[in-house]
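Report on one structure; see the data block that follows.
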Amino acid sequence: MNIHEYQAKQIFAKYGVPTPKGLMAESVKQAVANAETLGGSIWVVKAQIHAGGRGLGGGVKLARSLEEVEQLSKEILGMTLVTHQTGPEGKLVQKLYIEEGADIKEELYLGVVLDRAREMPVIMASTEGGMAIEDVAHNTPEKIIKIAVDPAIGFQGFHGRELVFGLGITDPNEQKKLISFASKLYKLYMENDAEMIEINPLVKTGSGEFLALDGKMGFDDSALGRHPDIEDMRDISEEDADEREAGKYGLSYVSLDGEIGCMVNGAGLAMGTMDTINYMGGTPANFLDVGGKANAETVAKGFEIILKNPKVKAIFVNIFGGIVRCDRIANGILEATKLVDVHVPVIVRLDGTNAEEAAAILRDANIANVIAATDLADGAAKAVAAAAQAK
């Protein structure tokens, strides 16, 4: 689950992570009132959406008067903001964050993410703050510092020293401040079951203070039961409607850009299926894991969600029955053909528990556009061929 910048900064405040003062607004009038409340002569008007690249997309603007705050708020609030992370459809801006200006001397990058290969959190930092960290990683990877932190010992002084030396910070007072900053950020990450925390930019001010000028946070959905205060921050309007609908039926769904719909049981098999489709020359339109409790209703709902995507030219159902029974999947496919206009070829590979019964169910139904596959490679090849033929 992701949250907005203004919410991330509320959490920063609880942990003593320094940020500029700011207030959220849902109207132009409220934005101007917030600027008056904050005081000063310079404010930053920020679009609040769940995506990075807001500044380059025109969603972060500097205002030097209350009139300018009003003008910029009118421009940004209600706009469809397109960034490199939103896709071409963009996101509707429904909230603003009005923040006091900061005396920026230097921009850095600081984040904490989970390194799945090392199986531990990693602190990432760079002197290239304010830029897309993906671009820095691609073009100049040597400018990114990565410090693995073993959860068994937590953030220690030697981690902090590696951080400040790596960033070239030599002033003892500044070193102490940044080490304290990073220590608080790591504590926040661990105590809240975060998956990712990113501050870009982390700025050093003219007085040598460090401030989180931005804040992105993502949390482990499976751990939200331990953090009701964070779950209350969920903004459903920022989430994909199909993903939310799938979740109601116990389906894990992620929309992608390809043209072959995928329905698989198990995340590992789902990723392997998508890799095989790519290897065969196709592109997956989605990730859809029906899980171990799939029945006819959930399978039918999966078809309905997949077919909402007009790009889908074929569907590949790849089930290896262990907990989930293949005959239930077969009945779900039949149910889907009754409830939904399944107008594309459906390639079906069923193996494992009750696979023979499932094959008989589909064979007896004799549905013209349901095509049997013998294994993963055969199914992927047939799906790619069917999608190509439908173009």
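Every residue gets a Cβ built from N, Cα and C, even glycine.
Every protein chain shown contributes to the tally, and the Cβ of Glu99 (ATP binding site) ends up with 26 other Cβ atoms within 10 Å. Marked as ATP binding site by Swiss-Prot: Lys46, Gly53, Arg54, Gly55, Glu99, Ala102, Glu107.
Long-range Cβ proximity for Asn200 (Mg(2+) binding site), meaning a same-chain Cβ under 8 A and a gap of 6 or more residues, is found for Gly52, Tyr109, Leu110, Gly111, Gly129, Gly130, Met131, Ile133, Asp214, Lys216. Taken from Swiss-Prot, the feature Mg(2+) binding site applies to Asn200, Asp214.
Per Swiss-Prot, substrate binding site is recorded for Asn265, Gly322, Ile323, Val324. Sequence-distant neighbours of Gly322 (substrate binding site) (same chain, six or more apart, CB under 8 Å from its CB) are Gly292, Gly352, Thr353, listed in sequence order.
Under the heading domain 'ATP-grasp', Swiss-Prot lists 9-245.
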Fewest-neighbour residue among binding-site residues, criterion Cβ within 10 Å, set Ala102, Ile323, Val324: Ile323
Least buried by Cβ count (within 10 Å) of the binding-site residues Lys46, Arg54: Arg54
Which of Glu107, Asp214, all binding-site residues, has a Cβ with the fewest other Cβ atoms inside 10 Å: Glu107
Neighbours of Asn265, Gly322, Ile323, Val324 excl. site residues, C-beta within 8 Å of centre, substrate: Gly266, Gly291, Gly292, Ala294, Ile319, Phe320, Gly321, Arg325, Gly352, Thr353
